[in-house]
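Okay, so here's the structure we're looking at.
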Amino acid sequence: MANSDPIHVAVGVIENTDGDVFISKRHKDLHQGDKWEFPGGKVEVGETVYDALVRELREECNISVQTASPLTVINHDYQDKRVVLDVWRITSFTGEVRQTDGQDWLWVPVYALGAYQFPEANVAIIDLLENPL
Ligand SMILES: Nc1nc2c([nH]c(=O)n2[C@@H]2O[C@H](COP(=O)(O)OP(=O)(O)OP(=O)(O)O)[C@@H](O)[C@H]2O)c(=O)[nH]1
Ligand SMILES: [Mg+2]
């Protein structure tokens, strides 16, 4: 088990009007590289998780989040690092979603998410999207 403090990450599930979800592929040289992810990133010092969510989605996908609701919190130990994924469903936003870092990106129907390779911590998120409580 990694013994440093866990990394707190804000993660956004963005749906379009067809009910498809936005995913992008992590750069191959990053942690969990070459896997698909939901947009997001680390919460910085002095930021709330919601601030981080808004900032990351502006930086990574060019949108302005208006409202979002908490979906789940996932604690996961990757051996090399521990993460706490604070996952939000984006309920309204302005702007047109696009990937700003040159990563591959896709809109995928929820039922098809299982066909893509995500980091291990995302399995629980995808399960929740496929089988809402
Ligand atoms: N953004 C994002 N990160 C995820 C997901 N699932 C998951 O395990 N992570 C992990 O969360 C951690 C932080 O994500 P990140 O690399 O996007 O952080 P960041 O945008 O602040 O990037 P940087 O500080 O590397 O520039 C990584 O270790 C990553 O492997 C996911 O669905 N989306
Ligand atoms: Mg990121």
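We count from 1, first residue shown onward.
Each Cβ is built from the backbone N, Cα and C atoms, and glycine gets one as well.
In TrEMBL, annotation is done automatically, which means it is predicted and not curated.
As written in TrEMBL, here are the features:
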- Arg26, His31, Glu37, Phe38, Pro39, Gly40, Asn122: 8-oxo-dGTP binding site (BINDING)
- Gly40, Glu60: Mg(2+) binding site (BINDING)
- 6-129: domain 'Nudix hydrolase' (DOMAIN)
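Recorded features from TrEMBL, shown on the structure.
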{"residue": "Arg26", "record": "8-oxo-dGTP binding site", "contacts (Cβ under 8 Å, 6+ apart)": "Gln32, Gly33, Asp34, Lys35, Trp36, Glu37, Gln103"}
{"residue": "His31", "record": "8-oxo-dGTP binding site", "contacts (Cβ under 8 Å, 6+ apart)": "Tyr78, Asp80, Lys81"}
{"residue": "Phe38", "record": "8-oxo-dGTP binding site", "contacts (Cβ under 8 Å, 6+ apart)": "Val11, Gly12, Val13, Ile14, Val21, Phe22, Ile23, Val87, Asn122, Ile125"}
{"residue": "Pro39", "record": "8-oxo-dGTP binding site", "contacts (Cβ under 8 Å, 6+ apart)": "Val11, Gly12, Ile14, Phe22, Ser24, Glu56, Leu57, Glu60, Cys61"}
{"residue": "Gly40", "record": "8-oxo-dGTP binding site", "contacts (Cβ under 8 Å, 6+ apart)": "Val9, Ala10, Val11, Gly12, Ala52, Leu53, Glu56, Leu57, Glu60, Leu85"}
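Under the three-state DSSP scheme, Asn122 (8-oxo-dGTP binding site) falls in the helix class. His31 (8-oxo-dGTP binding site) falls outside any helix or strand according to DSSP and counts as coil. Residue counts for the domain 'Nudix hydrolase' (6-129) under DSSP, split into helix (H, G, I), strand (E, B) and coil, are 29 helix, 52 strand, 43 coil. Apart from Arg26, His31, Glu37, Phe38, Pro39, Gly40, Asn122, the residues listed for 8-oxo-dGTP, the same chain places the Cβ atoms of Val9, Val11, Ser24, Gln32, Lys35, Trp36, Phe118, Pro119 within 8 Å of the centroid of those Cβ atoms. Per the record's binding annotation for 8-oxo-dGTP, residues Arg26, His31, Glu37, Phe38, Pro39, Gly40, Asn122 show a top Cα-Cα distance of 14 Å.
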